[in-house]
Amino acid sequence: MKGEKVTTITFQEMKDQGEQIVMLAAYDYPTARMIDEVGIDAILVGDSVSNVVLGYEDTLAVSMNEMIHHTKAVSRGVDRALVIGDMPFMSYQTSAEDAIRNAGRFLKDGGAEAVKVEGGRGVIDKIEAIIESGTPVMGHLGLTPQWIHQFGGFKIQGKTSEAAKLIVEDAKRLEQTGVFSIVLECVPRELSKIITGEVSVPTISCGAGPDCDGQVLVLHDILGLSGMTPKFAKKYVDLAPQIQEALANFREEVKARKFPTRNHSFKMEEKEIKSLKGYLSKSREAK
Ligand code: KIV
């Protein structure tokens, strides 16, 4: 399934036409190809690669170089989907200059077409600088995992009217700054519905309910590969037990000498075997 290339402009058109935007976080070439082929609109090379694929404790650990490495792999697998690189912890918080340089690397070296930046009022100047330098930005509000130590853990954000007001204000600031869309993560569905009505740019829900302009989930969660699927994600297939069964079968067959069979081996012609054996016996005699 192929269609027209998705751009940041397409995102806005989809919101305006009431078409849901479908997005996945993914990190490598073969899965990027499959995601692109079924017509999913965007791939976020999320900093969740840190804990989902690289085995780090949290998303704070992943480096710029690791993010670029994964973004390159995803970009090589994609023709249609919009590729968005996720700015890792401390790649933009430090200064506008760092933010511009690191965002630019996602486009220049990684082949992405946009970046995602976590945070609102605290990083508005960095987001503005990135956009002014020519790199489109997707905002990210609510339960932003890079701020987890400030939140005191993975807690739903914006549950009180006071907390919700700050998130609505941040969404409006992001809109004014020129982001092309905003991810809303783990906020109550009532709040994400209000924000979606208040801002003109598309909102993408990650555990923020059905009333946003699109949805994003982590590929490994929907495939049953990430151990623990969060409450807001749906496991569309449970691949982990199937993969383990295949691995156990491989082990058993090798131990029992059932693999490889003739079908999995290459054959040498009779005359070549004869000639090889002749050569070996002659060299033995010569010794
Ligand atoms: O890193 C990530 O996977 C994300 C989510 C919004 C999907 O930021």
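The backbone N, Cα and C atoms fix where each Cβ goes, and this holds for glycine too.
The structure displayed is predicted, hence computed values, not measured ones.
Record check: TrEMBL places D86, E118 at the Mg(2+) site, and the matching candidate among D47, D58, D98 is D47.
Note on K116 (3-methyl-2-oxobutanoate binding site): other Cβ atoms within 10 Å of its Cβ, all shown chains, come to 27. Checking the binding-site residues D47, S48, D86, E118 for a CB within less than 6 Å of any atom of ligand 1 leaves D47, S48, D86, listed in sequence order.
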